[in-house]
Amino acid sequence: MSFKDLRSFIDHLEANGELKRISYPVDPYLEMTEIADRVLRSGGPALLFENPKDNTMPVLVNLFGTPKRVAMALGKEDPLALREVGELLAFLKEPEPPTGFKDALAKLPKFKQALNMPPKSVSHAPCQQVVITGDEVDLTALPIQHCWPGDVAPLVTWGLTITKGPRQKRQNLGIYRQQLLGKNKLIMRWLDHRGGALDFKDFKELHPGERYPVVVALGSDPVTILAAVTPVPDSMSEYAFAGLLRGERTEVCKAISCDLEVPATSEIILEGYIDPNEMAEEGPYGDHTGYYNETDSFPVFTVTHITKRKDAIYHSTYTGRPPDEPAMLGVALNEVFVPILRKQYPEIIDFYLPPEGCSYRMAVISIRKQYPGHAKRVMMGAWSFLRQFMYTKFIIVVDEDVNCRDWQDVIWAITTRMDPTRDTTLIDHTPIDYLDFASPVAGLGSKMGLDATNKWPGETQREWGTPIVMDPNVKQKVDEIWQDLGIDSHPTL
């Protein structure tokens, strides 16, 4: 099942008990965050606040608050099915020509999917049913959440920022938080390595001093939103990848004020520009780390037009100490990364980003070890292969007999298969998340790799221990007689 717009997905969630409508007047200032946080931590539904205090526009939160809802957005019921998305990405990142007729037939479905990539342009779009321009533009009229007591101002969180570089054929979609600065101004907090910032940098080099067109889409269809947070190849537009996931082309329309294309069924579109000479101090804000981050200077986005659907819905979220919505997205997208990594490193059995590690700061990888030093090779590969992992501070590598998603198993491997001096790899002066205040310099810090695998000859001079394993025949017999033993519980080991 695919969803053409956010509203059809809301209907689907509600029909399946995954969305709750709230008629009570809840304040976007702090109250929505507290309610959403409690519901998310209990594994509860998405929430639609139908009557936000002092506003008539409904607010949708916790849309992707469980891995199950992320899978549902892509027409799947089980998050493990998202590995199919990873397999598609692995194919796109490193396509191999067919080796013969049978191989060509096997790859035909993926080639057919590729035909759905180009977006479809439409002339009459729901997102442009209402047009607001000039002095009528007023961002303060939107029910923008003020998430935490120490936040400096309300914050736009789920906007898809659409940019295009002068050297790029594709448009880029990225999600960057935006501080409300005035009735027609937001601060665009994009870091230097992100797609939007790179497009802006290229534009400034070729067009010094000129205004840079930018569009932000709020409340797009769920597949396009998820495409914007998925590691698509640099040469591919997120619109194209959304078409692949959906099985039909993404509908877009031309913005009113510039040539950028926007998701046609979005709830709200903010159009405008960035003046390269206008910067503002952004923050502090509570972030996904569970702390307030430092302030810094970022470009100002001036909004010249607001277009929207009739009876538009404002899509929002909050970020805080895990679990939060980004952490739940990370748990689901974890399944996307597994096939991509396996394509490059077939020895990888599984890959896990613990949500309590802020989604990406720690990774645990299980491998089928084949030679001395193998664990270190996998560490280096994970840090360098996908830019999503260049901010991962800690990587733990374990053997295939260890469940990398089970902390009891992982801690057992660390404490029994590691020597701290021999098996710890420290690398200094590496890229680190700008929000990581634990690093000595902003954006630059160290990484640690832990080799918790069994050691091979050449890695140790000791006789290595053999794990204790019960005779499988005995286990089977005990399973058969368990109900006759009069023991209530039946643990499986």
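FYI, residue positions are counted from 1 along the chain as it appears here.
Positions of Cβ are set from backbone N, Cα and C atoms, glycine also.
What Swiss-Prot records for Asp287 is active site, proton donor. The Cβ of Asp287 (active site, proton donor) lies under 8 Å from the Cβ of Asn293, Thr319, Gly320, Leu435, each of which sits 6+ residues away along the same chain.
Neighbour count (other Cβ atoms within 10 Å of the Cβ, all protein chains): 22 for Asn172 (Mn(2+) binding site). In the three-state DSSP reading, Asn172 (Mn(2+) binding site) counts as strand. Positions annotated as Mn(2+) binding site by Swiss-Prot, on the basis of sequence analysis: Asn172, Glu238.
Around the Cβ of Leu191 (prenylated FMN binding site), a 10 Å sphere holds 15 further Cβ atoms from the protein chains shown. Annotation source Swiss-Prot lists prenylated FMN binding site at Ile175, Tyr176, Arg177, Arg189, Trp190, Leu191, Arg194, Gly195, citing sequence analysis.
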Pairwise CA distance, Leu191 (prenylated FMN binding site) versus Asn172 (Mn(2+) binding site), rounded so that it is a whole Å: 14
Prenylated FMN site, defined by Ile175, Tyr176, Arg177, Arg189, Trp190, Leu191, Arg194, Gly195: further same-chain residues with Cβ within 8 Å of the Cβ centre: Thr161, Gly174, Met188, Gly196, Ala197
Rounded Cα-Cα span from Glu238 (Mn(2+) binding site) to Trp190 (prenylated FMN binding site), Å: 17
Inter-residue C-alpha distance, Tyr176 (prenylated FMN binding site) and Glu238 (Mn(2+) binding site) (nearest angstrom): 15
Pairwise CA distance, Arg177 (prenylated FMN binding site) versus Glu238 (Mn(2+) binding site), rounded so that it is a whole Å: 18
